[in-house]
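Trainee: Sharing the feature lines straight out of TrEMBL:
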ACT_SITE  222  active site, nucleophile
ACT_SITE  371  active site, proton donor
ACT_SITE  428  active site, proton acceptor
DOMAIN    51-158  domain 'Epoxide hydrolase N-terminal'
């Protein structure tokens, strides 16, 4: 066995050296490109003004929701099936009863409007965003920060972290911009094929420029992690720092060596004891578990309009489809609970507010298409996968994330890592679930970059 390990070690060292040589040859900047996603042909000019926006509702909207809920036809759950078969319909009835009889959408609309909302036209689409400035304070440095959500989340995921970021942090505070990805929530959906993370990144860079920011920080999870990474690749001179809580890297030779040697000699391939605990047994945690949790992705990456047609027509179907992710992606052990552990970390009011953003805007199908547009090509051969990220980077590894990425793997994409944190607790929806932990990590990262 030792002979095998020693041979593997020699191969590992050689492979890492070869990998670093290849890294040096990578181009430094991702081309911005251009696009037009509006209806018809691109006009000669486009309105570049920013307009205030308020979320509204109506009696008709609420009455239609209630009527559809009242006509729901449920399927009976299997005995003792908990959440192993998906959203348990026995518990679903309890959630829907709260939704129908206690949830106050008008009140939640007021909550959503507590922060200023805006829209502006970029590449043919009305782009929605929330813009929150910190309270005035003497001698306070203002640092612009964009937060980008993913699926099946929304800008609302950030509502609990916003006051934590905009407060004073020993002389500085964040001015926060939270956009909705086009096709999500109150941002207009693309009318043309091909709208991927690169297009979203370019649009959000235009948004920051339009707001007057030439230097800023970025933070994202899920698709937001990829979009903000692409933004840093496109305009590294503008991005002072990038912080992500879902670390997406290509799985190549370096990772293969880590998988083979890591359980025995982790230090040789840059793994810590905590990495070993989170990664292994590798097949169970990174193959079996992902197969269990990625069925939705295969549907959305191939035929999103087919599944979207169903969940766009049924509010209860939409809730079951989305809320199941807030159970399992928060903690996979929640599959063994009859209620999916949903209310252990979230309130039904907050969960249903996110559902209502999808329901009232009818955006579920367009949000699902984002998978097809991004996964039509091999992600590891896309142009952004061949370019490293050189801006200062902070990586937050939450223990409940779908996949764990060690720092040594992160270095294959992010060459300037200022901080890597093993977060104490939390899963995929970091800002929604653990706003204080995430805010603290962002602040620590920015202090390191700013030398504060």
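The backbone N, Cα and C atoms fix where each Cβ goes, glycine too.
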Trainee: Taking the Cβ of the residue listed as 'active site, proton donor' as centre, how many other Cβ atoms lie within 10 Å?
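Mentor: Total other Cβ atoms inside 10 Å, all chains included: 20.
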Trainee: Measuring Cα to Cα, tell me the gap between residue 428 (active site, proton acceptor) and the residue listed as 'active site, nucleophile' in whole angstrom.
Mentor: 8
Trainee: In whole Å, how far is the residue listed as 'active site, nucleophile' from the residue listed as 'active site, proton donor' when you measure between their Cα atoms?
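Mentor: The Cα atom of the residue listed as 'active site, proton donor' is 12 Å away from the Cα atom of the residue listed as 'active site, nucleophile'.
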